[in-house]
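**Q** Pasting in a structure now, in structure tokens, and then I'll have a few things to ask.
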Amino acid sequence: MNPNQKIITIGSISLGLVVFNVLLHVVSIIVTVLILGRGGNNGICNETVVREYNETVRIEKVTQWHNTSVVEYMPYWNEGTYMNNTEAICDVKGFAPFSKDNGIRIGSRGHVFVIREPFVSCSPTECRTFFLTQGSLLNDKHSNGTVKDRSPFRTLMSVEVGQSPNVYQARFEAVAWSATACHDGKKWMTVGVTGPDSKAVAVVHYGGVPTDVVNSWAGDILRTQESSCTCIQGDCYWVMTDGPANRQAQYRIYKANQGKIVGQTDVSFNGGHIEECSCYPNDGKVECVCRDNWTGTNRPVLVISPDLAYRVGYLCAGLPSDTPRGEDAQFTGSCTSPMGNQGYGVKGFGFRQGTDVWMGRTISRTSRSGFEILRVRNGWTQTSKEQVRKQVVVDNLNWSGYSGSFTLPVELSGKYCLVPCFWVEMIRGKPEEKTIWTSSSSIVMCGVDYEVADWSWHDGAILPFDIDKM
């Protein structure tokens with residue numbers, strides 16, 4: 001065979017192999033298409049089938065894997081539907097940890113906001129932590145002087161519950177140095193108070209858009225709850241105060257639908273003082289346990305009906321729950337009048353359980369340190385001192401601060417009642433510690449059907465930071 005014939009033979013064989021390879025690929029593609037086109041009912045391949053029913057309760061997800069079907073029920077919420085929130089509060093035996101953000105510990109080396117007044121509120125699909133930033137980060141020069149409550153740099157922002165208030169995950173909500181927020185089932189509503197002390201303005205946002213305003217009517221630091229507002233069947237309710245912090249002020253209840261104010265009423269409470277109410281839905285009404293910053297060491301109670309009729313008084317229990325306060329043994333309690341004759345105070349909360357009450361308070365009688373929650377038999381309706389349960393959340397060796405209430409809606413929890421939850425703020429820095437800043441983190445607890453052991457879920461940050469040593 002001459003050289004030309006050898007070249008032709010080798011080329012022919014190579015071309016044949018190429019054609020054969022192409023044919024194999026074509027056959028492989030055809031076989032694959034035919035097998036997949038049969039619907040996968042032979043169970044050879046993994047397959048997920050999602051069936052979306054015309055309900056607001058669930059999506060059924062069926063996963064077929066190696067001839068085995070696994071059915072999961074996934075929470076689903078029709079965003080065009082209002083939450084009900086007319087159910088009763090669940091009766092609980094204790095409170096289990098829900099989340100802890102550890103914001104100050106993380107903030108020593110992370111991009112975490114300087115904050116105060118954190119609170120939690122829930123939609124049908126998630127809970128979020130809201131907080132008032134100081135327009136600055138921990139361990140940064142702009143954190144200097146952030147002990148101040150009101151400034152043009154303060155904003156309301158939020159993250160998913162449990163996340164630190166960091167710059168990467170935080171969502172802007174409103175310009176505010178006082179705020180509240182809640183979800184009606186369709187969208188988030190926020191109320192942010194900002195501006196000068198004598199002419200402050202509260203801007204209502206719905207779905208992230210400004211929809212209404214409330215101007216200061218008494219010209220003396222208009223302010224609101226610093227915790228979740230309350231939505232019932234599409235209408236959202238919150239409480240505002242305007243006037244002195246240490247004597248008679250003026251109080252109003254507001255009602256909004258889709259971010260537009262549709263009603264308001266003045267609360268007549270001569271001799272009593274209401275600030276920073278912690279509110280929650282219960283049996284179709286809004287129940288609030290507030291702060292008396294004037295004289296009382298017992299807490300004001302405000303119960304609001306959908307038509308804005310209200311009942312106002314004090315938490316009856318024969319144990320004080322404000323700080324500072326006197327000895328338990330010397331306190332008698334009252335359902336109608338302030339008791340204890342101690343000025344100042346701290347934001348707190350309580351939950352009605354039939355005629356009983358769960359009431360939170362600092363462990364220290366004189367400072368914002370430690371935190372415990374007590375169940376007092378008949379404490380909602382009588383001046384009872386009978387403690388039937390007590391649970392420690394932060395020990396008295398560690399700082400606490402504000403505390404407040406919220407509930408898990410049935411659409412989120414899957415229960416037939418509203419799960420009572422609370423958060424405890426743990427303030428660090430000025431005025432108690434040698435830093436240039438003031439900030440806080442929080443622990444969040446939710447009611448369960450079991451007793452929960454005492455422990456201390458305190459802040460745990462080691463101070464001072466580098467910025468404090470410069």
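From the backbone N, Cα and C atoms, a Cβ is placed for every residue, glycine too.
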**Q** Of D266, D322, D328, which does Swiss-Prot put in the Ca(2+) site with D292, G296?
**A** D322
**Q** C90 pairs with which of C417, C421, C446 in a disulfide, per Swiss-Prot?
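**A** When Swiss-Prot is consulted, C90 turns out to be bridged to C417.
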**Q** Between C290, C335, work out which one Swiss-Prot annotates as bonded to C316 by a disulfide.
**A** C335
**Q** If you pull up Swiss-Prot, which of C290, C446 shows a disulphide to C421?
**A** C446
**Q** Give the sequence-ordered list of residues that share a chain with N293 (N-linked glycosylation site), lie 6 or more positions from it, and have CB atoms under 8 Å from its CB.
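**A** The list for N293 (N-linked glycosylation site) reads A245, N246, H273, E275, G343, Y344, G345, given in order along the sequence.
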**Q** Between N144 (N-linked glycosylation site) and N84 (N-linked glycosylation site), what is the CA-CA distance rounded to a whole number of Å?
**A** 44
**Q** Using C-alpha atoms, which one of the recorded positions D149, N398, Y402 comes nearest to N84 (N-linked glycosylation site)?
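**A** Going through D149, N398, Y402 one by one, the Cα closest to that of N84 (N-linked glycosylation site) is Y402.
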**Q** In whole Å, how far does the CA atom of N398 (N-linked glycosylation site) lie from that of D149 (active site, proton donor/acceptor)?
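**A** Each residue's Cα considered, N398 (N-linked glycosylation site) and D149 (active site, proton donor/acceptor) end up 22 Å apart.
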**Q** For the C-alpha pair, I'd like the distance in angstrom between D149 (active site, proton donor/acceptor) and Y402 (active site, nucleophile), rounded off.
**A** 14
**Q** Taking helix as H, G and I and strand as E and B in DSSP, count the residues of the region 'Involved in apical transport and lipid raft association' (11-32) in helix, strand and coil.
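**A** The breakdown for the region 'Involved in apical transport and lipid raft association' (11-32) reads 22 helix, 0 strand, 0 coil.
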**Q** What residues, ordered by sequence, lie under 8 A Cβ-to-Cβ from Y402 (active site, nucleophile) and sit at least six positions away in the same chain?
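**A** Counting only residues 6 or more apart in sequence, the Cβ neighbours of Y402 (active site, nucleophile) under 8 Å are E117, E226, E276, V346, K347, G348, V424, E425, I427.
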